[in-house]
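In what follows, a single structure is set out as structure tokens and then discussed.
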Amino acid sequence: MAADLEPGRRRRCCAQDTPDAPKVPDSRGDSDGPRRGSLCDRHCAAIYNVQGDLGDLGCHLHRPRVPPATSTPNCCQQHSEEVCESCVVKTTLTAENAVEANKLSNNYKFGFKKWKSHVTARPWEDRSEIVKELYSDLNVIRASGGSTLTCGNVLYLLLFGWWLSLLYVLVAAVMFITVMGAPYGRLCWDLAGYFLWPFGKVIQKVEVPKSHQACETGVGESSALLGGATPLRWRPGCWLGTGYWHRASTAVWLCLGYPLLALAHGLVCVTAWLLIVLIPVAKLSARATSRVLPLPPERVLIRRLRMTEVPLEGEVILCCYRAANPYYYKYAVDGINVFAVNLLPLVLVTLVLGYVDSPNQLTGSAVKFTLALLSIMPLSYYIGMAIASISAQSNFAVGAVVNATFGSITELTFYITALIKGSREGNRCYAEVVKSALTGTLVGCVLFVPGLCMVIGGIRHQEQRFNSRSAGVSSALLFLSVGGVFAPTLFSKVYGKLVCGECHNVTQNPLGHYLCHNCHFDLMDNNGTLYYSHVQPLVYTVSILLPAAYLIGLFFTLKTHTHIYDIHISDCHMPGHHHSAVVHWSRWRALVILLLSTLCMSACADLATEHISPILTNSTISQYFIGVTVLAMVPELPEIVNGIQFALQNNLSLSIEIGNCIAVQVCMLQIPILVLFTIFYPTNFTLVFSDLHVYASMFSVVLMNYIFMDGKCDYFQGTVLVMVYFILLAVYFFAPSPSGC
């Protein structure tokens, strides 16, 4: 989105590229009157730094030609010093289909989850060549494959090639010993050389003439030279139907050779798939197990390709040139990123270990706690994609309800389970950890998330611009929410009584200086009069006003002042392309995945809180640091990845909105929900934070607003935010543990 350089001034000359989808200038601009001079157009174009990768997005950026001789009195006269005062930017997004257009529109709606990945299947012809190569089968012979001596191929040789080739040699020896399996022995010998270094080689299935396929009954062609029928197992072509499966050699192969090789290829396939960059090796092993090894040996032809050689006729089964491809981080299975797919078995392992091994006989609490936290990451991804899919296929009301209900389910699940466990054990430390996690999420989303996106996006783009008006709305809500959340804390500091655990006289003088430890403001003085009569009503008042302010912000941005986002969804497509929406997840499927992921999230959060107690009591690290870092930022990793992807495509507006929206939801939704929960289920949670939380949060919000004032940024400003975040982490690391822990 384009940014306003000065408050209250709008431009209309050009549209800045948003990488979330391509844009075209609003068609209404042609009816507004004569165009401005080309010098002004060039000046505005230079301001907005129009750029973007349109080839990967599936549409054109149309820029109408401006007559150089036309001008109006409204255009600026001092082009070198000022910009066009009447320039108004209208960002037009273009998507492949209506569902994808709804998803793009929801990304710019306040309170809706920002999602980068597609929720529909993209047309194959719109994909880049790099992406097409990721999804292609290993059965294409290239005209020029280049050198096969690469680092990835050598890595394959060291990890898999040598022992897989040795295994084929051993199986070949076993087949030769059985005599009847000699044909398969020769095949395994040839495959041993192939799998030692399969690159630049091809496996083809030899075509058999139709005249050779009529020997299913065992009576073959007679030969005057041979004086009779050729034995069935030695005759090429007699493999179809029951003839092939009735061979004695086939029975020996299926009993002694194929199971062992299939198990080895399965191990290679799983290992290579988990490494992601070696997914071509996984495809190679899977295709060898399913397409090569079941074939009769006479139907398999292995040969080395030469640059000038024309391939033989016949079906190509395997042809691999590279064992590794760094672009496989983009690979998706049914719309699910490969990282989320690989982490899904971790959830099952976590649940089985957590609830079956409850006495901690197999693993300790530290391992189970780590597994539970890691399992939260893929579950957060599935919840985010399910919310985006349902919102894109539904109307605004349904999307708003789903986002409001499940948008913060990941964090709330952990907080509530921790408070319940702390209440049952009578341990105040859990409530302090929850407060640290809330503060860590707020500080991380205000400083670390936008700062990291600025740094990574600034590496590719020298200067990035964003919509300062939309960022200003989020900043105003942040100021309001932080002030409301910490109002009870400030009130207790003013009217509370300072109580210290123990004090020592440093000067040995009764009137001298005293050194006190474990000091805190006692809110329960005089039988809790201060807290129950003054602080608690203030907490309830704030918990009502903050959600009300959030609703007003939604109404402001989504209803009365939608123009501040300057977003228009166009229904144009690439010329000649008219694609219907093929969604990855239907609404019902997304709803089922959302509910299942929420249940698994609750179980993982329960395991995390169950096994966090030994870590809190035995660890030398401050509980503040554990809550601010691990418990706060791990559930937000999918959102951080989305923000980085938006920033890399020069759409910093959405990167900033991701952090701001999470921070606003923490203060205006999550904390009031926790306060409401304590009314029905009494816990040790009170809306009174330590001084460290107050100062860190307020300083972070002030610094963020100072950085975002001019509507533009670079990697240096992002570095400042990230460094301040790490300084605050250092403060939390060396801070003493909170009282009650």
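Each Cβ is built from the backbone N, Cα and C atoms, and glycine gets one as well.
TrEMBL labels come from automatic prediction, so no person has curated them.
Features of the protein shown, as given by TrEMBL:
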{"type": "COMPBIAS", "residues": "23-36", "note": "compositional bias 'Basic and acidic residues'"}
{"type": "DOMAIN", "residues": "367-487", "note": "domain 'Sodium/calcium exchanger membrane region'"}
{"type": "DOMAIN", "residues": "590-732", "note": "domain 'Sodium/calcium exchanger membrane region'"}
{"type": "REGION", "residues": "1-36", "note": "region 'Disordered'"}
{"type": "TRANSMEM", "residues": "154-177", "note": "transmembrane segment"}
{"type": "TRANSMEM", "residues": "251-281", "note": "transmembrane segment"}
{"type": "TRANSMEM", "residues": "336-356", "note": "transmembrane segment"}
{"type": "TRANSMEM", "residues": "362-384", "note": "transmembrane segment"}
{"type": "TRANSMEM", "residues": "396-417", "note": "transmembrane segment"}
{"type": "TRANSMEM", "residues": "437-459", "note": "transmembrane segment"}
{"type": "TRANSMEM", "residues": "471-491", "note": "transmembrane segment"}
{"type": "TRANSMEM", "residues": "538-558", "note": "transmembrane segment"}
{"type": "TRANSMEM", "residues": "590-609", "note": "transmembrane segment"}
{"type": "TRANSMEM", "residues": "662-681", "note": "transmembrane segment"}
{"type": "TRANSMEM", "residues": "687-708", "note": "transmembrane segment"}
{"type": "TRANSMEM", "residues": "715-735", "note": "transmembrane segment"}
Hey, would you say the transmembrane segment (687-708) packs against the transmembrane segment (471-491), going by three or more CB pairs under 8 A that are 6+ residues apart?
yes
Do any residues, 6 or more residues outside the transmembrane segment (362-384), come within under 8 Å Cβ-to-Cβ of it, and if so which ones?
113, 115, 336-337, 339-340, 343-344, 346-347, 349-351, 353-354, 406, 409-410, 414, 593-594, 597-598, 600-601, 604-605, 607-608, 610-615, 630-631, 634-639, 642
Contact set, same chain, for the transmembrane segment (471-491): CB under 8 Å, 6 or more residues outside the stretch:
110, 442, 446, 534-535, 538-539, 542, 545-546, 549-550, 553, 556-557, 564, 653, 656-657, 660-661, 663-664, 667-668, 671, 686-689, 693-694, 697-698, 701, 704-705, 708, 711
Tally of residues which DSSP labels helix, strand or coil - the domain 'Sodium/calcium exchanger membrane region' (590-732):
117 helix, 2 strand, 24 coil
Would the transmembrane segment (437-459) and the transmembrane segment (538-558) count as touching if the test is at least 3 Cβ pairs under 8 Å, pairs 6 or more apart?
no
Sequence-remote partners of the transmembrane segment (662-681) [C-beta within less than 8 Å, at least six residues beyond its ends]:
111, 404, 407-408, 411-412, 415-416, 419-420, 423, 434, 438, 441-442, 445-446, 449, 474, 477-478, 481-482, 484-485, 539-540, 542-544, 546-547, 549-550, 553, 636, 639, 687
Report, as numbers and ranges, which residues of the same chain sit near the transmembrane segment (590-609): CB under 8 Å and 6 or more residues beyond its ends.
347, 350-351, 354-355, 368-369, 371-373, 375-376, 379-380, 382-383, 385-387, 389-390, 393, 406, 409-410, 413-414, 417-418, 421, 430
